[in-house]
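J.: Before I ask anything, here is the structure I am working with.
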Amino acid sequence: MKISVLGAGSWGTAIAIHLNRLGHQITLWLRDKNQFEEIVSTRHNKKYLDVDIPQEISITTDLKEAVTNSEIVVIAVPSHAVREISEKLKEVVDKNFIVVNLAKGIETSTLKRMSEVIKEYLSNDVVVLSGPSHAEEVVRQIPTACVLASLNVKACEIVQDAFMDENFRLYINKDVVGVELGGSLKNIIALGAGISDGLGFGDNTKAALMTRGLAEITRLGVALGSDPLTFLGLAGVGDLIVTCTSMLSRNRRAGILIGKGKSLEEALKEIGMVVEGVNTTKSAYRLSQINKIEMPITKEIYSILFEGKNPYEAVYSLMTRDKKHELHGI
């Protein structure tokens, strides 16, 4: 099967290598000419994922060349670039391939999920792939399980057959809204978990943040049409665990730096790659206001990131809120 992967960051590189191992004909598209020259000459993508890129994987900066005759096109760019790449795809598309989206985020200007953005430009079936999946582990063939979601279950089944092997297991879920929101909103909680670590707090604090974070993710998700059970699955609890606890998580690492006293700008500069949770915090905060949903952790992280609130004061605000029942609002 010919599969195109658009975006040569960590996840795009990892999924391209994984699919090449399965015997598919892979084309990896990128737009950065310097990165293109580096990969072509060294077969390494040093900035993002410094592993050998097999010679069988074609590398190109020509989008039309990349997607021509592809049966599946994987969008593996950051969430802020999904609209641009979708618009470009509309201009070059010549067949009804399945789109697989890997980006996890909510567009800040429109508050739309990534599949909604893609569908503005393409009539193709869109399959969302989400779950606990560090690229660094997938590329090393460490056992990983994720979830696929689409309005067309048949499209999910085609992707499931094409992507699965003994080290990469995929489940199907019909709840596109929940799967996308779980994958996006957990990055906010991971920033909070990192801030907690940076402040020197312990496991109790992180466990509380993760659990109460899941509660507010679920509240917003249900208000937007999700099945609450989705957030107990791989796109919810699964992704939340790995992103809040692993040092491979950019969101957690950025949070640690902020907890240690660095500004948001300094933290992002030190990470050197996209930290999706920052923009998602803006989007989720606005969604919570529009839908009148209580999201106290998101509110405090927003205040830390964009209003200069001291993290210790944010913790105090959370710990001294009015008394609640645990399942309030769910």
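Each Cβ is built from the backbone N, Cα and C atoms, and glycine gets one as well.
Note that the structure is predicted; figures quoted are calculated from it, not measured.
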J.: Need one residue: from Asp125, Asp239, the one Swiss-Prot lists with Lys104, Gly131, Ser133, Lys186, Ser249, Arg250, Asn251 for sn-glycerol 3-phosphate.
T.: Asp239
J.: Same NADPH site as Ser10, Trp11, Arg31, Lys104, Arg250, Val274, Glu276 according to Swiss-Prot: which of Ala81, Ala135, Ala223?
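T.: Answer, per Swiss-Prot (NADPH site with Ser10, Trp11, Arg31, Lys104, Arg250, Val274, Glu276), from Ala81, Ala135, Ala223: Ala135.
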J.: Under 8 Å Cβ to Cβ from Ala135 (NADPH binding site), same chain, six or more residues apart: give me those in sequence order, or none if nothing qualifies.
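T.: Set apart from Ala135 (NADPH binding site) by at least 6 residues yet with Cβ under 8 Å, we have Ser10, Trp11, Thr13, Ala14, Ile15, Leu49.
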J.: How long is the line from the C-alpha of Arg31 (NADPH binding site) to the C-alpha of Ser133 (sn-glycerol 3-phosphate binding site), rounded to the nearest angstrom?
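T.: It is 24 Å, counting Cα to Cα.
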J.: When you measure from the Cβ of Ser249 (sn-glycerol 3-phosphate binding site), which residues in the chain that are at least 6 apart have a Cβ under 8 Å away?
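T.: Set apart from Ser249 (sn-glycerol 3-phosphate binding site) by at least 6 residues yet with Cβ under 8 Å, we have His134, Ala190, Gly194, Val242, Thr243.
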J.: Return the residues near Asn251 (sn-glycerol 3-phosphate binding site), defined as same-chain residues 6+ apart in sequence whose C-beta is under 8 angstroms from its C-beta, sorted by sequence, else 'none'.
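T.: Listed in sequence order: Asn187, Ile188, Ala190, Leu191, Gly194, Thr243, Val275, Glu276, Gly277.
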J.: Which of the binding-site residues Lys104, Arg250, Val274 has its Cα nearest to the Cα of Lys186 (sn-glycerol 3-phosphate binding site)?
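T.: Looking at Cα distances from Lys186 (sn-glycerol 3-phosphate binding site), the smallest one goes to Lys104.
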J.: Check each residue in the chain of Ser133 (sn-glycerol 3-phosphate binding site) that is at least six apart in sequence and keep those whose C-beta is under 8 Å from its C-beta; list them in sequence order.
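T.: Same-chain residues close to Ser133 (sn-glycerol 3-phosphate binding site) (Cβ under 8 Å, separated by 6 or more) are Trp11, Thr144, Cys146, Asp239, Val242.
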J.: Rounded to a whole number, what is the top Cα to Cα distance in Å among the residues the record ties to sn-glycerol 3-phosphate, namely Lys104, Gly131, Ser133, Lys186, Asp239, Ser249, Arg250, Asn251?
T.: 16
